[in-house]
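Visitor: So TrEMBL says this about it:
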type	residues	note
REPEAT	89-131	repeat 'ARM'
REPEAT	130-172	repeat 'ARM'
REPEAT	171-213	repeat 'ARM'
REPEAT	212-249	repeat 'ARM'
REPEAT	255-297	repeat 'ARM'
REPEAT	296-338	repeat 'ARM'
REPEAT	337-380	repeat 'ARM'
COMPBIAS	526-537	compositional bias 'Low complexity'
REGION	526-554	region 'Disordered'
REGION	580-618	region 'Disordered'
COMPBIAS	582-596	compositional bias 'Polar residues'
COMPBIAS	597-608	compositional bias 'Basic and acidic residues'
Amino acid sequence: MGVVSSCCEYCFRSRRSQQYEPLLLENEREAVADLLQYLENRTTTNFFQGSPLTALTTLSFSDNVDLQRSAALAFAEITEKEVRPVGRDTLDPILFLLSSQDTEVQRAASAALGNLAVNTENKLLIVKLGGLEPLIRQMLSPNVEVQCNAVGCITNLATHDDNKTKIAKSGALVPLTRLARSKDMRVQRNATGALLNMTHSDENRQQLVNAGAIPVLVSLLNSVDTDVQYYCTTALSNIAVDGTNRKKLAQTEPKLVSSLVALMESSSLKVQCQAALALRNLASDEKYQLEIVKADGLTPLLRLLQSTYLPLILSAAACVRNVSIHPQNESPIIESGFLQPLISLLSFKDNEEVQCHAISTLRNLAASSEKNKTAIVKAGAVQTIKELVLEVPMNVQSEMTACIAVLALSDELKGRLLEMGICEVLIPLTNSPSSEVQGNSAAALDNTDGRMASDDYSAFNDVWDKPDGGMHRYLYNFLTSVDATFQHIAVWTIVQLLESGDPQLISNIRNSNLLIPAIRQLATSRTPTPTASAGTPRSHHSQTQSYQDTEAGDGRGEIQLLARRIQDIVEEDIDAGVPRSVTGSHIATSSVASSTGREHEELRRSVREAFSSTGSYH
């Protein structure tokens with residue numbers, strides 16, 4: 001604080017030594033004397049009201065540049081020690097000083113304003129009182145100190161959402177972008193920090209792109225300063241949220257991915273984290289999913305995934321999840337050693353999001369290859385899911401059951417899944433409060449009861465009545481659901497079980513006092529419009545849409561048609577006196593199938609495609 005005091009004393013004493021009168025205006029002379037006194041007792045003085053503020057205001061509005069310097073320096077020093085909400089009576093003199101032509105006054109006034117802009121209420125009032133215009137002028141100053149303070153103030157102002165659009169429309173973005181290339185590291189840090197603060201809304205991101213910020217941000221990824229790296233990486237991550245911006249980046253920035261991959265090896269943990277998140281956002285597009293693997297991005301991602309630092313684990317898991325969407329990346333990810341770390345993260349109870357990313361990645365990896373499905377099961381994923389699925393949060397349950405549904409599409413693995421007792425955890429989940437968990441669990445059960453290499457359906461008999469009422473209760477609940485999607489799942493599953501040829505299963509269905517009346521009801525009534533509540537093995541949205549499309553296209557008659565098929569099959573078994581396998585030719589001679597065989601095959605195909613949906617999941 002000695003700088004302020006000595007400046008005030010200098011101003012006062014230098015005027016007294018001059019040869020002409022008056023030396024100072026009377027009110028200015030009093031203000032100097034008062035300020036010197038207040039500065040002597042600065043620890044107990046409130047400079048933001050009363051006589052101390054009056055003294056500072058008098059000096060600020062003086063025509064004497066030395067007095068203005070004293071006032072500006074005093075404001076800078078005071079606000080560096082103490083920041084509080086202030087009113088217009090405090091900000092007006094500082095904003096007046098900000099418009100001074102004197103470099104020292106500009107430098108100190110902008111520093112004071114930047115200090116006050118740390119406070120939320122002050123941020124809004126500074127902009128409201130017109131603070132942006134003089135700050136923009138100071139950004140254009142040839143003086144580096146003035147530039148640094150002005151940009152730092154705008155950086156603070158831009159942390160308030162209400163100010164962001166005003167700043168974007170004020171003309172500040174072009175000079176900010178230019179100053180991001182400053183040779184002075186302080187200016188560069190402040191400018192890139194301000195640009196980052198402007199990337200949190202669609203409109204402002206577009207303004208930044210239009211101001212030419214993208215090539216500047218990308219070039220500064222190679223900065224030697226970790227703060228600049230962090231600001232630019234985070235800003236680009238936010239910019240990459242928008243699909244149009246990703247296309248622009250793909251067209252104009254060929255080195256972007258390699259630079260971000262390199263930053264995952266940074267000495268700074270926060271830079272590593274943001275680099276992975278930026279790649280995650282880029283990997284929303286197919287081009288970048290492939291490019292990340294091509295740029296050897298899997299190696300640092302695997303290292304981050306195995307970190308003990310949660311933000312790194314989370315960012316890497318999110319990135320790998322998006323990269324795994326592309327079918328061509330499934331095998332490279334598995335071959336790079338990701339399976340065991342991903343399976344281990346299923347038990348990461350400290351963070352639900354990590355669990356979701358890990359299981360979704362495993363599901364993606366299983367999507368298009370029998371070899372990969374087998375590798376995932378051999379690595380212990382199903383056993384881990386079985387141990388955890390009843391205890392994990394509902395969102396994780398949804399992903400886990402979807403993963404099982406995808407794995408169960410493999411004819412070679414169906415029997416193995418049943419031997420592992422997967423039905424014991426899927427059945428209780430068909431009664432989950434979550435319709436997605438219900439739908440995914442039912443889809444998984446349906447996929448396991450399809451044509452198996454072993455034709456051994458004893459696992460379904462073992463769980464017919466337990467746990468939680470077993471398959472029997474689950475099928476009844478779905479048959480009587482108000483959701484037509486669930487009704488559809490139930491009647492299709494029953495058809496599959498009847499076609500299994502397993503005498504015990506057929507007998508269980510035929511003799512059920514719960515199922516048969518419900519089937520009879522569906523066979524004679526129109527079904528409601530399917531809702532969008534049920535989930536799917538891979539993309540919840542895609543299966544729901546499949547059901548809606550087929551229902552609408554066939555006049556919502558598929559459920560009724562399937563229910564009648566079940567009736568025909570059961571009645572024929574009763575007529576024959578023994579339960580028996582229902583073969584293709586047997587169905588073809590039934591009264592319904594003989595006239596609608598083609599429709600049955602189309603129905604079979606549409607429902608199977610719905611259960612087997614493998615749409616991408618971001």
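One-based numbering along the chain as shown.
Glycine is treated like the rest: Cβ placed from N, Cα and C.
All TrEMBL annotations are machine predictions without curation.
For each listed feature, how buried is it and what is near it?
Guide: When averaged over the repeat 'ARM' (89-131), pLDDT in the model lands at 96.
Within the chain carrying the repeat 'ARM' (171-213), a Cβ under 8 angstroms from the stretch's Cβ atoms is held by residues 132, 135-136, 139-140, 144, 147-148, 151-152, 154-155, 158-159, 161, 164-165, 219-220, 223, 225, 227-228, 231-232, 234-235, 238-239, 241-242, 245, 248, all 6 or more beyond its ends.
Break the repeat 'ARM' (212-249) down by DSSP state and the numbers are 31 helix, 0 strand, 7 coil.
According to DSSP, the repeat 'ARM' (255-297) comprises 31 helix, 0 strand, 12 coil.
Residues 257, 261, 264-265, 269-270, 272-274, 276-277, 279-280, 283-284, 286, 289-290, 345, 348, 350-351, 353-354, 357-358, 360-361, 364-365, 367-369, 371-372, 375-376, 616-618 of the same chain lie 6 or more positions beyond the ends of the repeat 'ARM' (296-338) yet place their CB under 8 Å from a CB of it.
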Visitor: Give residue numbers and ranges for long-range contacts of the repeat 'ARM' (89-131): same chain, 6 or more residues beyond its ends, CB-CB under 8 A.
Guide: 48-49, 53, 56-57, 60-61, 65, 68-69, 71-73, 75-76, 78-80, 83, 137-138, 141, 143, 145-146, 149-150, 152-153, 156-157, 159-160, 162-163, 166-167
Visitor: Sort the residues of the repeat 'ARM' (337-380) into helix, strand and coil with DSSP and give the three counts.
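Guide: Across the repeat 'ARM' (337-380), the residues distribute as 30 helix, 0 strand, 14 coil.
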